[in-house]
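What follows is a set of notes on a single structure, which appears directly below.
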Amino acid sequence: MVQLVGSLRKELADSLSACRVLVVGAGGIGCELLKNLVLTGFKNIEVIDLDTIDVSNLNRQFLFQKKHVGKSKAQVAKESVLQFCPTANITAYHDSIMNPDYNVEFFRNFMLVMNALDNRAARNHVNRMCLAADIPLIESGTAGYLGQVTVIKKGLTECYECQPKPTQKTFPGCTIRNTPSEPIHCIVWAKYLFNQLFGEEDADQEVSPDTADPELSWNPADTEARATASDQDGDIKRVSTKDWARSTGYDAVKLFNKLFKDDIQYLLTMDKLWKKRKAPLPLDWLEIQKLACPQEVTGTGLKDQQVLGVAGYSQLFSRSVETLRSMLADKGDGAELVWDKDDPPAMDFVTAAANLRMHIFSMNMKSRFDIKSMAGNIIPAIATTNAVIAGLIVLEALKILSGDVEQCRTIFLNKQPNPRKKLLVPCALDPPSANCYVCASKPEVTVKLNVHKTLVLALQDKILKEKFGMVAPDVQIEDGKGTILISSEEGETEANNSKFLSDFGIRHGSRLQVDDFLQDYTLLVNVMHCEDLEKDVEFEVVGDAPDKAPTPPSAQEDKNVANGNKDSAEPSTSSKAPAEQDDVLIVDSDEEEPSSSTMDVRMESGGHKRKLHDAETGEASAKRQRLDQPSAADEDDDDIIALD
C-alpha cells in the first residue's frame, strides 16, 4: 500500500524535504512560487533577487506590504514565507544572479532551479549555468492573462537559446534626433535626454540635431554658413548637453528654450528634411506662459490618464527639472541619477519632454499612463495568472523530483478556452536544436562584419556580451600563435580595445575561440569579412534573423508569450497553433506534439486579434501548427515598445 504524506507519496515527500532548490526572482511569480513551495513540503530553498520593493508591486506581490517599500524583495519574501512554514530553511540573496560568486559550483548545489526573471540577459545566463551544471531548469512567464511554463534539461530538451531571438527594436539616431514621426520616437528621445542631463552620458544617445543625417546632403559651401547662422539665431553651442546644462545651473527656462526652441530652429535650417514632411514648430517659454492656461486638460478619469496642454507640460517640465537638479546635488559631485519608471520626478520629466516634442512635431500628445507603458515596457500584470503559473511550476517540479522528466511538458495558459474547451494546454518538449550556439556539443557561429571597421571593443561588448550573452569573455585568435585578443582579466588587453580587428591579422575566414569561464561556455566564431552590410548594421550572425521571427511553415502569424513587467520570465519553448480571433497560443494536445518556442506578449488595442511580442525585445517566435488541423488565416498591444 502506498504511504501518503498529505497528498504526496512518502518517498516524494521525503525527497522534497531533503532537496535544495533555487528560485531566481521574487516578484509576481516568485512570491506565489515561494508560498507554493513551502506549502507543498519543500524545506531547503534559496531565493535571489536584486530588486527592491516598489509601491506598484503591492497589488499582486502579496508577500509585500506598504511598510516593506524600499526593502529587498528576496529578504522580505523569505520573512513572509516563513510565516507559512517556520521550519523551512530559506536563504535570501539581495544580489544579481550574474554576480561571478554564483558560479557553476554554486548551481551544482541544487537539484532544481526555477526562474522568475524579467530580462533576457539574466535568462540567458541562468540557462547556461544550468546547462553547465547539468541541473534541470523550469522557465515560466506571464503577460496579462497569458502564461507558460516549460522545462529545460541538458541533452533532452531545447535550451532557452535554441530558438533565435530578434534583437531589441531600435530606431536610427537621425530619426530620434531630427525627424520623429511616432510618439515612441519622442519618448525614446526624452529618455535619452534624461541620461544626457542627469544620468550616465552615452554618445549613442545624443539628443541634439544630427548634422550627419544622410537625408540632408547639403552643399559643403553652405554647411558652415548654416551652422554659424544657427549659432547666432539660436545660441546653439556644440558642447556636451550635460556640460551646457551645468553651465546654466540647470535653469529650467534656459533648458526649455534650448531644447524646444533653439534646437528646433536649428533643425529648420536643414530645409531638405522638410520638403516632404511637415516642419516642426518651435516653442517659446515666454509666449506659452502668456497665451495658454496650465490647467487645460483633455480626457477624463484618473489623473495619470489625462492629457495636459502645452502650458501644463511646460510647467511639469520646469518642476521636474528643479526636483531632479536637487536630487543630483544631494548626491554630490560626479553623481548620476538612474532612470526608473517608478521614480515620479523621472517619469514627470520624460512625460513632459516627450509630449512637448510630440506637439512640436504635430503628433497627438499622450497621457502619463500611456508614456509610462511605452517607456517602462509594462504589460498589465494579473495576480491570478501569476498564481496559476506558479502552481504549474510546482507540478512540473514534482515530476522532475519523481524521476519522470520525460513526462514534463510545456504548458500554455490561454485567455479563452480553445475549441476543446481547454484553458491549460500541454505540449511535448522539443529536443535540443543541433544548430544552437549554446547547447550544441561544439557551439559554433559565423559572424559577418567588416574587419577594417569593427573595433575589438565592439566585438567584446556588442557581439560577445550583448548578442551572445557572455559575461566575461576571453578571446584567442586561432592563428597558430595563440594570440590573446581579449582577456577577462582587468588591464591585460585594454590597449587592444581601440584597435580594429584587421590590426591583429583577422580577415575573412579567421577563427576566434571565445571562452566564458564563469558560464563554463566555449564558442567558436568564424569571421566572414563583408564591406557591404546594410546601413546602421555593424554585424550579422549568418543564419540568424535578428529583426524578425523565424518564418513559420504556414500563413499564420508568429506568436509567443513573455513578461514585460517585473513579473516576467521568458520561457524557452513555445508552440504554434491556429488562432481564432482573441484566442492566442491555442494548442490542443490530446496528441501531444513538440513545441518550438520563446514566449512574450503584445496585445493589440482596439482590435480582435492578438500578436504576441516580447515587451523587452520586440521579438516574436514561430509556433508550430497542429499537424491534424488546417492552417488558420493570417492573423499589436497597447503600444508596448521595447526600450533599454
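Glycine is no exception: its Cβ is also placed from the backbone N, Cα and C atoms.
Unlike curated records, TrEMBL annotations are generated automatically.
Summarising the annotation, TrEMBL assigns domain 'THIF-type NAD/FAD binding fold' to 8-416. The ATP binding site annotation in TrEMBL covers 25-30, D49, 57-60, K73, 96-97, 118-123. According to TrEMBL, the feature Zn(2+) binding site maps to C159, C162, C436, C439. Annotation source TrEMBL lists SUMO1 cross-link at K165, K237, K415. Look at TrEMBL and you will find C174 tagged as active site, glycyl thioester intermediate. Annotation comment: TrEMBL describes K191, K258, K623 as SUMO cross-link. Annotated domain 'Ubiquitin/SUMO-activating enzyme ubiquitin-like' per TrEMBL: 447-534, in sequence order. Annotation source TrEMBL lists domain 'SUMO-activating enzyme subunit 2 C-terminal' at 544-638. Residues annotated as compositional bias 'Polar residues' in TrEMBL: 562-576. If you look up TrEMBL, you'll see 580-594, 633-644 marked as compositional bias 'Acidic residues'. Under the heading compositional bias 'Basic and acidic residues', TrEMBL lists 601-627.
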* Asked: Other than C159, C162, C436, C439, which residues of the chain come within 8 Å of the Zn(2+) site, judged by Cβ distance to the Cβ centroid of those residues?
  -> L131, E158, Y160, E161, P432, S433, V438, A440
* Asked: What is the total of other Cβ atoms whose distance to the Cβ of K191 (SUMO cross-link) is within 10 Å?
  -> 26
* To do: Pick out which of the recorded positions C162, C174, C436 has the most other Cβ atoms within 10 Å of its own Cβ.
  => C162
* Can you tell me the mean pLDDT for the domain 'THIF-type NAD/FAD binding fold' (8-416)? -> 86
* Asked: For the binding-site residues listed here (N59, S96, N119), which one has the lowest count of neighbouring CB atoms within 10 Å of its own CB?
  -> N59
* DSSP-assigned states of the domain 'Ubiquitin/SUMO-activating enzyme ubiquitin-like' (447-534) in counts, ordered helix, strand, coil -> 19 helix, 28 strand, 41 coil
* What's the CA to CA span in angstrom from C436 (Zn(2+) binding site) over to K191 (SUMO cross-link)? -> 35
* To do: Taking the Cβ of D49 (ATP binding site) as the reference point, list residues of the same chain whose Cβ is under 8 angstroms away and which are at least six residues distant in sequence.
  => V24, G25, A26, G27, G30, S72, K73, A74, A77, Y93, H94
* **G25 (ATP binding site) CB neighbourhood, other CB atoms within 10 A** => 31
* Using all protein chains in view, find how many other C-beta atoms are within 10 Å of the C-beta of G28 (ATP binding site). => 30
